Amino acid sequence: MKLLRAALGLALLPPLLGPAGAVEPISLGLAIAGAAASALTGIISYPRLYCYFRECCLQRHDHRAAAGLQESLDKKLFGQHLVNKVIVKAVKGFLNNTNAKKPLALSLHGWTGTGKNFVSKIIAESIYKKGLHSKYVHQFVATLHFPHAHSINLYKDQLQSWIRGNVSICPRSLFIFDEMDKMHAGLIDSIKPFLDYYELLDGVSYRQAIFIFLSNAGAEKITEVALDFWRNGRTREDIQLTDIQNALSVSVFNNKNSGFWHSTLIDRNLIDYFVPFLPLEYKHVKMCVRVEIESRGYAVDEEILNRITAEMTYFPREERIYSDKGCKTVDSKLDYYYDF
């Protein structure tokens, strides 16, 4: 800052030279501009100050990112005790590991509306201020970016080039693959080298990158476990990751409608965590409705709150325990009942 004040102060100094030694106005202007530019260059050369003006790779310190992740999940995610526990431990441990042996690979599974996209958004926001809008966060949607089965070889080449180029620019790049259950089988295996235990590939290290896969595949197995616990008089909070994870990975691996069908990523144990999103119950949907109303700045009308929650459809048909759409349609329901 002293350099900047010195440069700016130069413009305020009174003339020190007489007519004979006067400097032409344009030359003086260039000198002042040059001094100011030099000062600013010196300031911007400091990473923290530069990153104040421009988004940088590794923008947030890892311990701050982990703390922010925990806080956001605690406040905003409902009914997903396993997700909260696994995501925080996995991401926090990875961010604080200065000698990771491979990239972090998380595969999130569950029915629509249970929070998979929401959690990937929270992870992105915990690492980068711009979250999903950061230039270091890359989202792929199977039906949008890889729609044609006959172009799978082209997609493989493009995907490899995109990942290689962006990790070269920012080692802590985040890649999110949505609709894995609709991705062409074999396509995701093209990124297998990037997720493996290599120190360098063509001079590039991928060990700081994070890969997140989102899929509905395996939701049936998750629901089966949750129902078994409920019918045996045990709470959903009694469910542990060990009760689901192995069965979930096998279910996804053998699902012909999944982009992970017989995938080498699973076969070679390159997915670090299969994260199960449990189906949401009535009380969780109610929490979603309440938070959405409050986020729009409106007072909560308990009658409307109960009506919206009750109108959601639930399964199994007899017990009506779980919402079949989770919190997916809460937003549109509010538009109908509230005059926003």
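Cβ coordinates come from backbone N, Cα and C, glycine included.
According to TrEMBL:
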type	residues	note
BINDING	GLY110, TRP111, THR112, GLY113, THR114, GLY115, LYS116, ASN117	ATP binding site
DOMAIN	280-337	domain 'Torsin-1A C-terminal'
SIGNAL	1-22	signal peptide
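A map of TrEMBL features onto the structure.
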residue : record           : contacts (Cβ under 8 Å, 6+ apart)
GLY110  : ATP binding site : LYS116, ASN216, GLY218, ALA219, ILE222, PRO276, PHE277, LEU278, PRO279
TRP111  : ATP binding site : ASN216, ALA219, ILE222, THR223, PHE277, PRO279, ASP324, LYS325, GLY326
THR112  : ATP binding site : ASN216, LYS325, GLY326, LYS328
GLY113  : ATP binding site : LEU280, SER323, LYS325, GLY326, CYS327, LYS328, THR329
THR114  : ATP binding site : GLN80, PHE277, LEU278, PRO279, LEU280, GLY326, CYS327
GLY115  : ATP binding site : LEU77, PHE78, GLN80, VAL83, PHE277, GLY326, CYS327
ASN117  : ATP binding site : ASP178, LEU214
Chain-mates of GLY110, TRP111, THR112, GLY113, THR114, GLY115, LYS116, ASN117 with C-beta within 8 Å of site centroid, ATP: PHE118, ASN216, PHE277, GLY326, LYS328
Structural state census, the domain 'Torsin-1A C-terminal' (280-337) (DSSP three-state): 32 helix, 5 strand, 21 coil
Integer average pLDDT (0 to 100) for the domain 'Torsin-1A C-terminal' (280-337): 91
For LYS116 (ATP binding site), the number of other Cβ atoms found within 10 Å of its own Cβ: 26
